[in-house]
Amino acid sequence: MTRSILISPSILSADFARLGEEVRAIDEAGCDWVHIDVMDGHFVPNITIGPGVVKALRPHTTKPFDVHLMISPVDSYLDAFAQAGADIITVHPEAGPHIHRSVQHIKSLGVKAGVVLNPGTPAKMLDYLIDDVDLILVMSVNPGFGGQSFIENQLRKIAAIRKMIDKSGRDIRLQVDGGIDFTTAPRAIEAGADVLVAGTATFRGGAGAYADNIRKLRGG
Ligand code: DX5
Ligand code: ZN
């Protein structure tokens with residue numbers, strides 16, 4: 001089966017002083033989704049974007065907002081990110097007491113639900129979530145920062161989850177996030193990923209390079 005490969009640039013690597021313009025630039029450059037990394041300085045050692053910024057960015061593109069929440073406790077913020085314009089909300093099992101409940105909550109808001117596994121979190125975590133999720137995200141770096149190196153053994157996890165998804169017969173996207181560049185992108189795709197998050201590799205070279213960067217990441 002050939003799957004379409006989607007590119008979701010992480011705006012963590014964009015120029016934060018010109019975020020609206022940057023989102024329009026990646027839209028015009030052909031991205032599929034916009035990956036928004038939300039960090040709280042507690043669940044991860046960095047602080048980034050809140051629902052107010054997501055809301056302010058919403059008029060700048062019609063492409064889906066893929067909101068990766070790295071905040072704990074996460075549940076009390078789900079409504080705010082849905083109202084701000086998230087199309088997909090992805091949560092870490094470690095970020096709240098009841099991941100199954102968090103997934104149901106996201107779906108009840110009319111938003112697609114994703115679960116994200118840290119490098120040390122096993123694929124087995126998905127056994128009783130796979131029936132409900134729309135997206136599974138494999139972190140190929142420890143969350144918190146852009147520009148880190150790809151952790152090789154996550155390819156094995158991607159391959160294992162690809163098998164689980166195919167066996168489920170459900171329409172679930174398999175996303176990879178962290179250290180994705182022109183070398184690691186084809187390897188992640190080969191292992192079974194079909195949505196690539198890329199911050200550094202998308203935004204390198206300034207707006208004139210975004211279209212080329214996105215095309216190369218897609219394998220074109
Ligand atoms: C890390 C974030 C990533 C990050 C990826 O915590 O979840 O989305 O921005 O950055 P690169 O592509 O530079 O590794
Ligand atoms: Zn992310």
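Note that Cβ sites are derived from N, Cα and C of the backbone, with glycine treated the same way.
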Q) TrEMBL records SER10, GLY144, PHE145, GLY146, GLY147, ASP177, GLY178, GLY179, GLY199, THR200 as substrate-binding residues. Which of HIS68, HIS92 is assigned to the same site? A) HIS68
Q.
Taking 10 A as the limit, how many CB atoms besides its own sit near the CB of GLY146 (substrate binding site)?
A. 19
Q: List the residues of the same chain that sit at least 6 positions away from GLY179 (substrate binding site) in sequence and have their Cβ under 8 Å from its Cβ, in sequence order, or write 'none'.
A: SER140, VAL141, GLN148, SER149, PHE150, ILE151
Q. What recorded positions among ASP37, GLY144, GLY146, THR200 are found with a C-alpha within 10 angstroms of that of HIS68 (divalent metal cation binding site)?
A. ASP37
Q: Among the active-site residues ASP37, ASP177, point out the residue whose Cβ has the most other Cβ atoms within 10 Å, with all shown protein chains included in the count.
A: ASP177
Q: For ASP37 (active site, proton acceptor), identify the closest of the binding-site residues SER10, GLY146, THR200, judging by Cα separation.
A: SER10
